[in-house]
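Engineer: In case it helps, Swiss-Prot gives these features for our protein:
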type    : residues                                               : note
BINDING : GLY36, PRO37, SER38, GLY39, SER40, GLY41, LYS42, THR43 : ATP binding site
DOMAIN  : 4-236                                                  : domain 'ABC transporter'
Amino acid sequence: MNALDIINLSKSFGAQTALDSINLSVPTGSRTVIVGPSGSGKTTLLRMIAGFEFPDAGSLMLNGQTLVDRTHAVPAYQRQIGYVPQDGALFPHMTVADNIGFGLAETGSARAERIQALMDNVALNADMATRWPHELSGGQQQRVSLARALAQRPRLMLLDEPFSALDTGLRGAMRKMVARLLEEAGVTTILVTHDQGEALSFADQLAVMRDGRLVQSGHPMDLYRYPNDEQTAHFLGDAVVMPARIEAGWAHCDLGRVMVNSNGFAGAAQIMLRPEQLQLSDIPADPDGCHAVVTDRDFGGNVCTLTVELRTQASPGRSLLVRSSGMHAPPAGSAVQLSILGAAHVFATP
């Protein structure tokens with residue numbers, strides 16, 4: 001069952017098309033991430049769902065109830081949708097407790113107990129209840145904002161790049177905490193971000209937007225491994241893309257003979273490999289295969305990103321990105337042999 005159905009949703013601002021016939025279903029209890037570059041339309045779509053903007057065409061349905069269509073629109077405050085903005089947007093003149101309790105129907109001891117339970121859920125100490133927003137760290141402010149949104153028992157939670165202002169180390173921990181909390185609460189969630197790593201990590205369902213259009217959606221692992229086009233491939237992570245001729249399930253390319261994931265296609269095509277699919281080894285005494293030289297090593301601790309230059313007759317001098325364990329990454333100048341882990345992805349022909 002779907003919690004949210006987005007049907008042919010379109011929106012323009014003057015001559016600029018912000019959303020172009022968006023169709024997307026969000027399963028109940030899932031975490032859907034809408035990812036795309038700046039100007040792709042992802043924030044406009046989130047604002048449509050929240051009720052802050054209204055579409056020119058199309059409709060939205062939440063748990064079978066129409067939120068907006070050509071004839072009417074449910075006001076934002078009646079949609080039972082929680083919203084956590086990028087900066088938390090706490091009320092500066094209210095304490096933590098009053099921010100969380102804003103709008104609660106409960107009064108007296110019931111209200112205090114509800115606020116304390118919400119603080120416990122987001123790992124805020126009881127002594128923070130009387131603090132002011134300016135006395136909190138960025139991570140603490142986001143926890144308060146999340147607790148305030150959960151206080152209304154929303155049917156859907158919207159997260160608008162809530163981790164982008166946090167330090168790198170805190171960002172990952174906060175993301176995991178939020179994912180766990182929302183899953184335990186059974187709240188369907190939509191996160192908007194431009195951070196590819198965050199999107200892949202958080203999502204059950206990933207939706208990629210570009211120029212106001214939804215270009216691909218599905219499980220994040222499927223989109224990473226089998227993107228629809230080269231632009232999507234590069235947006236979701238580093239990619240090695242090259243021309244090839246496909247015959248009987250194999251690609252003949254600059255790397256030699258490479259297995260592909262499309263047995264039904266033959267002819268000229270573009271293939272894609274992720275850098276982690278390229279494996280390096282020492283050249284054997286009787287060399288045979290695809291050889292290269294390491295020209296650059298970017299040490300990243302547990303993982304190194306290497307640039308290697310091919311030494312093949314077909315494409316001498318071509319540079320490729322390779323990922324290797326930081327423990328065994330060869331230094332610049334090393335002669336290596338390349339092998340392929342798994343199959344290359346063949347882009348669909350236009």
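For all residues, glycine too, the Cβ spot is worked out from N, Cα and C.
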Engineer: Within 10 angstroms of the C-beta of GLY41 (ATP binding site), what count of other C-beta atoms is obtained when all protein chains are considered?
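Structural biologist: A 10 Å sphere around the Cβ of GLY41 (ATP binding site) contains 23 other Cβ atoms.
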Engineer: Enumerate the residues of the same chain, GLY36, PRO37, SER38, GLY39, SER40, GLY41, LYS42, THR43 excluded, that satisfy the criterion Cβ within 8 A of the mean position of the Cβ atoms of the recorded ATP site; list them in sequence order.
Structural biologist: HIS194, MET209, ARG210
Engineer: Over all shown protein chains, what is the count of other CB atoms within 10 A of the CB belonging to THR43 (ATP binding site)?
Structural biologist: 21
Engineer: SER38, SER40: which of these binding-site residues has the sparsest Cβ neighbourhood within 10 Å?
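Structural biologist: Lowest Cβ count within 10 Å among the binding-site residues (SER38, SER40) is SER38.
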Engineer: Quick check on the binding-site residues GLY36, PRO37, GLY39: which one has the highest count of other Cβ atoms within 10 Å of its Cβ?
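Structural biologist: Answer returned by the neighbour count: GLY36.
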Engineer: Tell me the Cβ neighbour count for LYS42 (ATP binding site), meaning other Cβ atoms within 10 Å of its Cβ, over all protein chains shown.
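Structural biologist: Its Cβ shell of radius 10 Å holds 28 other Cβ atoms.
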